[in-house]
Structure formats: C-alpha cells, structure tokens
Amino acid sequence: MASSLSAIPHVIIMSAEFITGITVNGFLIIVNCKELIKSRKLTPMQLLFICIGMSRFGLLMVLMVQSFFSVFFPFFYKVKVYGATMLFFWMFFSSVSLWFATCLSAFYCLKISGFIQSYFLWLKFRISKLMSWLLLGSFLASMSTAALGIEADYPKNIDSDDVLKNATLKRTGPKIRQVNEVLLVNLALLFPLAVFVMCPFMLFISLYKHTHRMQNGSHGVRNASTEAHINALKTVITFFCFFISYFAAFMANMTFSVPYGSHCFFVLKDIMAAFPSGHSIIIILSNSKFQQSFRRLLCLKKNQ
C-alpha cells in the first residue's frame with residue numbers, strides 16, 4: 001500500500017500526459033479524416049499525420065494500462081496483464097511511433113534543405129510519392145521487431161515474480177542471455193534514430209550555406225527561405241529531444257534491470273508518456289492550419 005501511495009504523484013503526471021496525448025492525437029486523426037471526407041482523398045502528409053495520431057493513441061493506451069494496473073492492481077497486472085501480448089503491443093507501438101516520427105522529420109528535412117546533389121534532389125521530388133511505401137515499411141519493420149522480441153521468449157521463460165521484483169542477483173546465465181536478446185532486437189531502432197540525428201544536422205548545414213550565400217549576395221540575410229530553415233530546424237530539434245528521451249527510457253526499461261515499483265521505474269514511464277503527447281503538440285504548434293482548427297475548436301467549446 002505504501003508503494004502505491006508513493007507512486008500516486010507519478011500516476012497523476014501520467015494521467016495528465018495521457019489526457020493531453022489523447023486530446024492532441026485525437027485532434028490530428030479527426031482533422032485529417034475530416035479532410036478525407038471533404039476532398040475524398042488524402043495527401044501524403046495527411047496520411048502520415050493520421051498514422052502518427054493512431055500510433056501515439058495506441059502507445060498511450062499501453063503505457064496507461066501498464067502504469068495504472070502495476071500501481072493499483074499489481075497482482076492482476078502480474079497474472080492477467082503482464083506477458084507476451086502486452087510486450088508485443090508495447091514494442092510494436094513504440095517502434096512504429098519512432099519510425100513515423102522519423103518519416104516526418106525526413107520529410108521536413110528534404111522539403112526545406114537546399115542541397116543540389118542529384119540523389120538528394122531525386123529524394124526531394126519523390127518523397128511525397130514514396131510516403132505510402134515508407135509508412136508500410138515502417139509498419140512491417142515494427143511488426144517484425146515486436147515479433148522477434150516475443151520470439152526471444154523473455155516473459156514466458158522467466159518467472160513473473162522474478163521480473164516484477166527484479167531479483168537481478170539471482171538471475172542465471174540463460175535468463176540474462178534472453179534479456180540481452182530482447183534488448184538486441186530493439187537495437188534495430190538505432191536505424192531510425194540515426195536518420196533522425198541526420199535531419200537537424202543536414203538542416204543546420206543547409207541553413208549555414210544559405211545564409212553564407214545571402215551574405216555574399218545583394219539580398220538581406222533574412223528572407224522566406226531563411227525563416228523556413230530556422231522554423232524547420234527548431235521543430236526538428238524539438239522532435240529530436242522528445243525522440244531521444246523516449247528512446248533512452250525505452251531501452252533502459254527493456255534491460256529489465258530497473259527495480260519494479262521504484263522511483264526510477266515510474267520516472268521512466270513518465271518520460272516515455274511525454275513523447276507521444278509532447279511530440280504531437282509540437283506538430284500542431286508548427287502547423288498554421290492545425291493551429292487555426294484547434295483555436296476554432298477551443299472557441300466552440302467556450303461558446304457552449
């Protein structure tokens with residue numbers, strides 16, 4: 001009971017993140033589905049936003065179920081909730097959310113950057129047509145990662161009490177090997193992380209080159225292209241902060257070395273819940289169309 005009481009502040013934080021996340025991701029889904037009904041077609045970006053909203057919605061549900069039941073109903077969580085199915089959904093929604101976020105940052109980078117190399121221009125002019133295939137590839141890669149994680153068979157072969165109490169000192173060699181297998185499977189997420197890291201780096205180089213050209217020319221330093229670079233760079237760097245914090249917390253959790261019910265355990269959950277909420281808020285704030293729709297929604301609620 002004492003441990004449950006000490007976890008209540010974290011549950012409050014998680015609940016606030018959950019409500020915020022459900023609101024903003026639901027907004028992304030509804031607004032873009034409304035555009036689909038109105039125009040009978042979806043642009044690649046609208047499809048991406050719907051996929052992002054749905055993946056974040058699923059991730060938030062998994063995190064909330066984990067946190068709520070592990071705090072208030074630990075026995076039920078151990079017997080009914082914790083297991084291969086929950087691990088699969090957690091790994092799948094984590095992976096697909098990170099992949100979709102990478103697709104969004106890559107899209108911003110390709111559309112804004114001013115590189116003139118042939119391969120870059122080829123990608124820049126075809127990224128919209130390739131978006132559906134990128135989303136399908138992200139979905140299949142995430143399914144494979146989650147399926148391989150279950151194949152590692154960690155929850156099935158290790159006693160639940162051992163997992164929940166984290167009796168690290170009592171683990172045998174095969175158990176540690178199986179934990180390492182689960183962790184190694186998730187290291188596949190280093191690829192989208194590497195792509196994500198490249199995006200702000202390329203935007204910064206492109207901005208530097210563009211500013212240098214403007215200074216040497218007859219134009220002012222600040223113009224529409226410069227503003228677009230700066231705004232995109234700010235957005236992508238903010239994306240990156242949420243991305244890297246979630247990735248680090250997720251990997252730390254997947255080592256199964258953090259004591260269950262400890263302060264660190266719940267801090268990791270809080271950090272992970274901040275990603276699907278905060279990242280979607282930044283998407284709305286960086287898109288003028290979404291901002292207008294959200295303001296109209298808020299005004300409508302106030303009038304009611």
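Including glycine, each Cβ sits where the backbone N, Cα and C put it.
Predicted, not measured: the structure shown is a model, and the values here were computed from it.
Summarising the annotation, TrEMBL assigns transmembrane segment to 12-33 (among others).
Here TrEMBL flags 45-75 (among others) as transmembrane segment.
If you look up TrEMBL, you'll see 87-110 (among others) marked as transmembrane segment.
Counting only same-chain residues 6+ beyond the ends of the transmembrane segment (130-150), those with a CB under 8 A from a CB of the stretch are 44-45, 47-48, 51, 84, 87-89, 91-92, 95-96, 99-100, 102-103, 107, 123, 182, 185-186, 188-189. Here TrEMBL flags 130-150 (among others) as transmembrane segment.
If you look up TrEMBL, you'll see 183-208 (among others) marked as transmembrane segment.
Taken from TrEMBL, the feature transmembrane segment covers 229-251 (among others). Outside the transmembrane segment (229-251), and at least 6 residues removed from its termini, the chain residues within Cβ reach (under 8 Å) are 94, 98, 101-102, 104-105, 108-109, 112-113, 183, 186, 189, 193, 196-197, 199-200, 203-204, 206-207, 210, 268, 271-272, 274-275, 278-279, 282, 286.
Below 8 angstroms of C-beta separation, residues 13-14, 17-18, 20-21, 24-25, 27-28, 49, 52-53, 55-57, 59-60, 63-64, 67, 97, 101, 104, 231, 235, 238-239, 242-243, 245-246, 248-250, 253, 294 of the same chain, each at least six residues beyond the ends of the transmembrane segment (271-288), sit close to that stretch. Look at TrEMBL and you will find 271-288 (among others) tagged as transmembrane segment.
Panel annotation: around the transmembrane segment (183-208), residues 91, 94-95, 98-99, 101-102, 105-106, 108-109, 112-115, 141, 145, 148-149, 152, 226, 229-230, 232-233, 236-237, 239-240, 243-244, 247, 250-251, 254-255 of the same chain, lying at least six beyond its termini, place a Cβ under 8 Å from a Cβ of the stretch.
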